[in-house]
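As given in Swiss-Prot:
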type	residues	note
MOD_RES	104	N6-(pyridoxal phosphate)lysine
BINDING	131, 371	pyridoxal 5'-phosphate binding site
């Protein structure tokens, strides 16, 4: 018996389980699970939420999961009585075992599992500003699946791993931003022998990120009134919204749709600009507190995309300055006792701004998604190694595609994969 189907929320038609597009509209395909009430599984890491993940098996090794706990320190500092933090990262005494220190693992593991289930043999192509690349390198190293990473040159410091054997990973840098890395990746993924991971259209990525909301609600036993997250493309917000829809249908956790509070880093905040109509000018992404949050082409207007999620939840987008993020990060780390990545500091600052603007009340139930943390802690306890750069390119190089194809073929020939 099938576990799930994939439907188009635009036309309502059932599509292939691996579909990324509907032939009739621009909607993001969405999973519909036959099991309407989720039961946590006795499985490792994120597979605890196996019921609502679009997979029919698991990757046993290497998966962590979101961990939700009631905040004391940060909540007290902000005078919030019901702030719950969902932490994604490395924090052993708090059951945090995500070894990439980023919630991007929640996307990479189910995506990889689906490739394996589909007997996919093509090289997986991933464009990333760093954290997604690290997550896919982690799971590719565990499974031995061939992976081509295309990342901006300035993001290579994020390409580290705790795995020893990274021979299935080929890393290419582009002297440009994330958008230029995406453009290059799209060209390569269109070639024979390569497959794209699908981005926001990949239901495995979205449902994987949706486990943040699942963990929060199954831990607190109720849907929150407010959900905070820093976003680049906004896909994490879509994921939280879709998970909340399923939890409302589950029937055991209330029927209130959590209000989405999404945060972007000024001055490079396309979603914020689109949503508010305010134009922001700056040197992007160089002037950002965290350039992983810069995405020039977010899925805003697609059916089932960011705008629909905001409209359905009465959501809001905040523009956060570097100074606001830095101050919020210090307050969080001092009061919670764990280091966090720059991106979730944007979300911490958004909570502080929401309080100032009266968008939330001190006694309301709030979930804060800490999308990455514990890297300093991990580096103290575990050995890490940088991924080697196999090829460095200029986006203006007319022969760039051929050079990438040759490099991948060379690594394959030499047994790199």
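The first residue you see is number 1, and the count goes up from there.
Keep in mind that glycine also has a Cβ here, set from the backbone N, Cα and C atoms.
A map of Swiss-Prot features onto the structure.
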residue : record                              : Cβ within 10 Å
104     : N6-(pyridoxal phosphate)lysine      : 27
131     : pyridoxal 5'-phosphate binding site : 25
371     : pyridoxal 5'-phosphate binding site : 30
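Separation of the C-alpha atoms of residue 131 (pyridoxal 5'-phosphate binding site) and residue 104 (N6-(pyridoxal phosphate)lysine): 7 Å, rounded to the nearest whole number. In the three-state DSSP reading, residue 371 (pyridoxal 5'-phosphate binding site) counts as strand. Between residue 104 (N6-(pyridoxal phosphate)lysine) and residue 371 (pyridoxal 5'-phosphate binding site), the C-alpha separation comes to 8 Å.
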